[in-house]
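K.L.:
Positions annotated as compositional bias 'Basic and acidic residues' by TrEMBL: 1-11. According to TrEMBL, the feature region 'Disordered' maps to 1-24. The domain 'Catalase core' annotation in TrEMBL covers 47-435. Residues annotated as heme binding site in TrEMBL: ARG91, ARG131, PHE180, ARG377, TYR381, ARG388. Per TrEMBL, active site is recorded for HIS94, ASN167.
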Amino acid sequence: MATKKVTDKGVDATGDTKNLDKGVQPANLKTENLAPHTADATGELMTTNTGLKINDDQNSLKAGDRGPTLLEDFILREKITHFDHERIPERVVHARGSGAHGVFKVYESLAPVTKALFLNDTETETPVFVRFSTVAGSRGSTDLARDVRGFAVRFYTEEGNFDLVGNNMPVFFIQDAIKFPDLIHAVKPEPDNEIPQAASAHDTFWDFISLTPESAHMIMWVMSDRAIPRSYRMMEGFGVHTFRLVNAEGLSSFVKFHWKPLLGVHSVAWDEAQNISGKDPDFHRRDLWDAIDSGAFPEWELGVQIVPEEDEFKFEFDLLDPTKIIPEELVPVQRVGKMTLNRNPDNFFAETEQIAFHLGHVVPGIDFSNDPLLQGRLFSYTDTQLTRLGGPNFQEIPINRPIVPVHNNQRDGFMRQTINKGKTSYSPNAIGNNDPRQATAAEGGFVTYPERISASKVRARSKSFFDHFSQARLFLNSQSEPEKNHLTDALCFELGKVKTVAIRQRMLVFLAQIDKGLAAEVAYALGLHIPEKLDNELNQNIPADADPADYASLQVEGSLAKSDALSMVNTVKDSIQTRKVAILAADGVDENSLNTVKAAIEAAGGITEVIAPRLGFLTSANDEKIHVDESLLGAASVLFDAVYVPGGLNSVATLEADADAVHFLNEAFKHCKAIAAAEQAMQVIEATYFSKKIDNDEGVIISADAEKLATEFIDAIKQHRFWEREKPRKIPA
Ligand code: HDE
């Protein structure tokens, strides 16, 4: 095995030069730490695992060239045996994911609230590894499933690993970890026929939800467009639970963690998501990889909402309840640092698959709250990883190693890598000078926050967790009209796939408690009436001997009617960085019309692809050759953010008659995307069904002046989508 050189400039820590011309990141402590475990076969001879050089890797050893294979063939046996054992179990949830390396830096010291060094020192660049994921689907499932996205960040700090294992939604379906297996069994494919894959639109999921009122708030998020992001790079992240920060004086405050993407929060349309799932199931994975590979590094700001300990009971919801947010209007999100993802993994399995996150990986200055969901998670992660990674030594896998030394008395087990010296593996010991010794707090030893607790042991849910609907209503009321329509359509779609009418009916009662208008719209689409309240059936999530009345949801009128932070309409719309623009063209295209707009989009950070009836080169009106990136056969409008048709009489005539080109435009219009055409290309637009609807549409730009068109087109792409097109509700294509 050849290991790579570590240098401080020019070559990154893995010795990889492929990104050098793309502003490559210098080596950091984690890339240095990975380097000795990285192999590069460039220019090397092939060997067996014992280092024996292999002379023939094409043929097995046989008794005569037409004879049987010999058991003696250790080269064949080694190769096949390894292959036979290549697979490990996928994650029981969040199986489908993509990862990347990066760095984090805090803007200003957070020493007043936490002693965590990586949040104190503005000079320290902390290496990170991030894994984004969907929850329900298997490893090979589509990226665009309607689902929550995992947003797990590992900080390799100088005090050990800190994992912030969050999601792209700030709340969760359930309030107690003991319900997690039920939730996941309900959403996963049904156990008799393993259908459907990566989808919540089926009976068992909605059966469970309809009986679990605490899921109301999360259901609003999952039915919103947040569940179908445009890109991992355009999602918010949330730690979900309330955590605890502790400063050097031992003073504690509560904290909610946020990630705010600098590109804004954007989603695709549901019809589009379903199409992307067919055209490119790796859409998000590819998008993340390509962005980092091209040097367009994704960035997020870390946000914190800090609540002083004495304000714990100041809110109308319980800070420990993971189905509640702290509205940003009540406690503003302070942006305290920035994370940049700047390096793709070298090997998906070794890094993205083998990373083992755990929210119990903390550093001094960060501690837990008593959120019962958080408390259960503290058990689950290591437990599941013991099976997934095959034993107790998975912390020695390179991606899981901290950048600081590890010393303790844990020993042996399958696949132990470390060769621990000495006679002692116990503490206290005198033979070995009592090493390794415990660290004092001053030396950085972790000391649990001495929270005072005096209570009886009970299996119970706190009454302060019983308001299930007011924040669901807050979310709904904070959505713009198009967002509300999408949410309603999502519910109609999902419940429409549910076969059992009683489940649909229970869901209508459930929804009516959030909003009668919403329930009425869904009831209409399902061809049902909203039944009278089904009191005793609604909340089955109660102990066997309890009086259901004691567990009835509290109907609280939240004091906040609306929170702007909950609507994606209010997100950042100031850039077209990495937005993909399709340029439809054919032989005879007007070069100036094509190149002026292409150059302007690229100068603004967008990506263009020329799409033509066939691959190879186009011949422009001036006989110049123009490279074609995709043919109309392979391309699809759903893989782009916007589309442009340049002029050129012959090109325009070809496209007008090409059904795929016209469909491309129709579909882009349906999905509310920015569309531009040179005036000369008007006849292509006229071949679409929407040509009569473009007069007042700010997202359709037609001009004879290529420069003016480029400027207006770029402004339109920044808007992301023109949802107002969806009036009355749907657009044909
Ligand atoms: Fe997880 N979760 N989870 N979860 N979770 C796992 O751990 C679990 C929850 C989250 O990219 C598993 O290594 C329980 C909330 C992410 O590798 C498992 C409960 C949030 C990932 C597990 C929850 C998350 C996981 C499966 C209820 C957002 C993927 C594989 C108490 C704050 C991490 C693994 C990655 C993965 C358990 C609820 C986020 C089984 C018991 C809430 C991002 O241990």
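Any Cβ shown, glycine's included, is placed from N, Cα and C.
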K.L.:
When a 10 Å sphere is centred on the Cβ of PHE180 (heme binding site), how many other Cβ atoms does it contain?
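P.N.:
I count 17 other Cβ atoms within 10 Å of it.
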K.L.:
Taking all residues of the domain 'Catalase core' (47-435) together, what is their mean pLDDT?
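P.N.:
Within the domain 'Catalase core' (47-435), the model's average pLDDT equals 98.
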K.L.:
How far is it from ARG131 (heme binding site) to ASN167 (active site), counting Cα to Cα, in Å?
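P.N.:
That separation, Cα to Cα, works out to 11 Å.
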K.L.:
Hey, how far is ARG377 (heme binding site) from HIS94 (active site), Cα to Cα, in Å?
P.N.:
14
K.L.:
How many Å separate the Cα atoms of PHE180 (heme binding site) and HIS94 (active site)?
P.N.:
13
K.L.:
For HIS94 (active site), which DSSP three-state class applies?
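P.N.:
DSSP assigns HIS94 (active site) to coil.
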K.L.:
From the Cα of TYR381 (heme binding site) across to the Cα of HIS94 (active site), what is the distance in angstrom?
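P.N.:
About 12 Å separate the Cα atoms of these two residues.
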K.L.:
On a count of neighbouring CB atoms within 10 A, which of the binding-site residues ARG131, ARG388 is highest?
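P.N.:
That would be ARG131, with the highest Cβ count within 10 Å.
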K.L.:
Counting only residues 6+ apart in the same chain, whose Cβ is under 8 Å from the Cβ of TYR381 (heme binding site)?
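P.N.:
Long-range Cβ contacts: VAL165, ALA356, PHE357, HIS358, LEU359, GLY360.
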K.L.:
For heme, with binders ARG91, ARG131, PHE180, ARG377, TYR381, ARG388, what's the maximum Cα separation in whole Å?
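P.N.:
The span, Cα to Cα at its widest, is 21 Å.
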